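Participant: Mind having a look at this structure? Questions to follow.
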Amino acid sequence: MTYTSIFQEIVKAIIDLSRPSIVLLWHMMVKYGLNPEYSYEQFIKGNSPFINFYNYLFYNVYSDVILGIITISAIVMLVYNSFIKPYPPAKFLIKTFAAIILFEASYRISMLFISISLVFYNNIYSLKTSWYGLEFSGLSFSNSLISILFTGTFVMAIMLLFGILIIRQALILFFILLMPVASLLLIIPGSEKQILKLYRIFFELAFFPFFTIIILYLIGLFNNPFLEIGLIYVAATAPLFFVTEMYRYFQGTM
C-alpha cells in the first residue's frame, strides 16, 4: 500500500466520520436557529420564561427607573435651559408624556414587528415539508484534498449561519428589555433620532431570518455542492446588509 493510498483512506475515513456530524450540526441549526419556535415564537408566547422575566422587570423594576429618568431629565433640562438655550416647559411636559406612552407601548410595538415578520417567514418556511431532512450533494470528490477542504468549508458555513442566528436571538431579547428604558430617554432634548434608530435596528433584526430562509430555500433547487456552500454563506451574511442601521449606529458612537 502506497502513501498516496494510505492518505486517501485516511481522508475517506474523515469524510465518513464527518457526515453524521454535519447532519447533527444542520439539525441543531434548523431546530434552534430556523425553527419559528425559537426564531420568533419564544418572544411572543405569553407563558414563556422570558415573558415572565420581562413582566417582573416591567412591574417591579422599571417603575423605579421611570422616576429616576424623569428626575435626571428634569435636571438635564434645567442645565440645558440655563447654559445652552431656553427650553420651553410645555415642550418638556409633552415629551415626558410621549415618553411614558412609548414606554408603555414599547413591548407591543416590538411584538408587532416580530408578529408581522413571522407571517412572512412562515410563508417560506412552510414551503418545504422537512428542513431537517434537507439533502445536500455528495461530500466526496475524486481528489482527496478537495474532499477534505470542501467538508471543512461546509462545516464552517453551517457554524457561521448557526452562530449568527443565535446572536440575533440574543439581540432580540436584549432590545426587548432595553426599549422601554430607552424610550424614556425621549424626555432628554435631542434624543429623538437615537430612539428612532433603536427601533429601526429592532425592526431589521426582526426581519433578519426572513431573508435567510429565502436564500436557504434555494438550496433544494440546485444539485451543486459548491453552490450549496455558497448559498449557506450568503444566507449567513447577506441579511447583514439589510441590518444597515445597526452598523451606522455603532459606527457613529465610536
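Indices start at 1 and increase along the chain as displayed.
Just so you know, glycine gets a Cβ as well, placed from its N, Cα and C.
Straight out of TrEMBL:
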type	residues	note
TRANSMEM	57-80	transmembrane segment
TRANSMEM	92-121	transmembrane segment
TRANSMEM	141-164	transmembrane segment
TRANSMEM	171-189	transmembrane segment
TRANSMEM	201-219	transmembrane segment
TRANSMEM	231-250	transmembrane segment
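Tell me about the setting of these features in this model.
Facilitator: Here the transmembrane segment (57-80) has long-range neighbours at 87, 92, 96, 100, 103, 107, 177, 180-181, 184-185, 187-189, meaning same-chain residues at least 6 beyond its ends whose C-beta is under 8 angstroms from one of its own.
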Participant: Could you pull out which residues elsewhere in the chain have a CB under 8 Å from any CB of the transmembrane segment (92-121), counting only those six or more residues past its ends?
Facilitator: 36, 39-41, 43-44, 54, 58, 62, 66, 70, 73-74, 77, 172, 175-176, 179-181, 183-187, 195, 199, 202-203, 206-207, 209-210, 213
